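K.L.:
According to Swiss-Prot:
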type    : residues                       : note
TRANSIT : 1-69                           : transit peptide
DOMAIN  : 70-168                         : domain 'Plastocyanin-like'
BINDING : His106, Cys153, His156, Met161 : Cu cation binding site
Amino acid sequence: MAAVTSAAVSIPSFTGLKAASASNAKVSASAKVSASPLPRLSIKASLKEVGAAVVATAASAMIASNAMAVDVLLGADDGSLAFVPSEFSVPAGEKIVFKNNAGFPHNVLFDEDAVPSGVDVSKISMSEEDLLNAKGETFEVALSDKGEYTFYCSPHQGAGMVGKVIVN
């Protein structure tokens, strides 16, 4: 263990200090506060940016999905044999998705006597032997020639399962 002698350590003495009385004490202080300008948040600008992001996201989702297509159900929710909707309009080239809504076998054929002249119905129709047997199965077509097209389901045409599309 190391020994420390009194000569090596000096302890200050505070005996000569006097306390100032409260009446004689003067305290003076000044402070200068300067604030640097901070950028203000703009809620309006933030909402514009968020809105633009939402619109851009929605637009890309619509382009990537069937949002630009018309969905036509084969069979109504109540079980009736019908196209839903049975009549509709689409712009030329827009995709039409026919979707089996029931467990019944359906198909989609375009009537060769009820399409614009020059349209080859074999290129836009399903084969008469092909059927959408299960619920959720689909057939897609895009019609490019303007005019009225009549279509039907061959197994249920006699029951009135007929529809019409107008291509603008």
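Placement of Cβ uses the backbone N, Cα and C atoms for every residue, glycine included.
Here the structure is a predicted model, which means the values were calculated and not measured.
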K.L.:
Highest Cβ count within 10 Å among the binding-site residues His106, His156: which residue is it?
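P.N.:
Selected residue: His106.
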K.L.:
So, by DSSP, how many helix, strand and coil residues make up the domain 'Plastocyanin-like' (70-168)?
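P.N.:
Residue counts for the domain 'Plastocyanin-like' (70-168) by secondary structure: 10 helix, 38 strand, 51 coil.
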K.L.:
Fewest other Cβ atoms within 10 Å: which of the binding-site residues Cys153, Met161 wins that one? Let me know.
P.N.:
Met161
K.L.:
Beyond the listed site residues His106, Cys153, His156, Met161, identify every same-chain residue whose Cβ lies within 8 Å of the center of their Cβ atoms for the Cu cation site.
P.N.:
Leu74, Gly75, Leu81, Phe83, Phe104, Asn107, Tyr152, Ser154, Pro155, Gln157, Ala159
